[in-house]
């Protein structure tokens, strides 16, 4: 039974999040429904990261098993046809070995958080950024963010409902930079705690506004107390960017030659 | 009576276009309504370019006259507060001499047209691009586009309902380039005919798909017959980018010092 690795882009706005829930449409549900319409099979989709309601993705990775053995290219086209009108698309599909697991084979995940930092509210990017009208010092945010790089107990940056066994995580890279009216944070780690990225950017925004120092961020981390760190930033600015897998696990067959870009 | 030059960003999606109409909400109407709520004055807003339904802007310029003489910064903030929830915002406001006219003082306008060129449909950019799933040769589009640079009779690229006195226009620059999955066209001219940009990109897309040659574009131009050029591209990919004014006309007072970015 062929396994397909699917790279997904979605607008998190109308979804209750990745995970199937009773209270609304999930990305997982939309994908599984598209697979059902396409093949008549009831499948379970597994994702690298279970994004929250409102969180976007341009490089989420999921896998599904299909009894019907179609070329990966056809799977991508058919799923995209059946995913409409939901704002989720299969950007890439490839057939992988059944030892590949979108979640458990992942060795690194990365997120981008986008802030629109100007007086005028978001218009063309409404729902796709966090609008912060007060000026932010991106360099100060970057410097303070370096306190969080490395292995730490991230209890102060963890949602109460987080289900991870341990609050200890290792952030491999965290970069905050300004691009014109935008302040962007890029962050990568093997894995993240629930709300970790949004709590980090919410805390660093206090630094950007000049209310907190780099030392305040270090003290918040050391406190191991969620109440000591900054607010949870809104989901609208958060993008699941990419997943890295051990090369051996991802590919059993070379990607099909394609005429399309 | 102070005159204010307003730089506007808007998502054209929900609007019937710039111009006030009976059949729905226009950008002009939204702006005039916001001014009325703010000052109690009935004003007329004049824009550099009357964009069609669905066409976006990040640098449209309009002007309004207000009896109430508030600092430009306050005018911007108040209009933005009253423009909600419509997807239009005043990005910049400045007080200008009453010889300034957003439309008649403009000496150059520029547009950007964005194509998403990949197999998967637009998701995060839905309604903000033209999705072309077949591969486009951006270099060939750029080369063919050079046939249109300079002064020409653009009858072949003009909408039937165009109200301009003459079909002769002068395109000063036209650049088509690929940025990853996107193909973008930048074009600037003193002024444009109705649908001219969308008819140009629709025609160049035939070149990008390999169906037309550069010579075909030249022949379409020379035919002076709308039926001889390519299709009108959808409004979703079109952005009114910027307007240039003679320096003397724009500023009577230096821009106010601002702490915001």
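Placement of Cβ uses the backbone N, Cα and C atoms for every residue, glycine included.
What TrEMBL records for this protein:
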{"type": "ACT_SITE", "residues": "B:52", "note": "active site, nucleophile"}
{"type": "BINDING", "residues": "B:111", "note": "substrate binding site"}
{"type": "DOMAIN", "residues": "B:9-104", "note": "domain 'Pseudouridine synthase I TruA alpha/beta'"}
{"type": "DOMAIN", "residues": "B:145-246", "note": "domain 'Pseudouridine synthase I TruA alpha/beta'"}
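DSSP places the residues of the domain 'Pseudouridine synthase I TruA alpha/beta' (B:9-104) in helix, strand and coil in these numbers: 25 helix, 27 strand, 44 coil.
Remark: secondary structure over the domain 'Pseudouridine synthase I TruA alpha/beta' (B:145-246) totals 36 helix, 32 strand, 34 coil, with classes taken from DSSP. Model confidence over the domain 'Pseudouridine synthase I TruA alpha/beta' (B:9-104) stands at 96, taken as the mean pLDDT rounded to a whole number.
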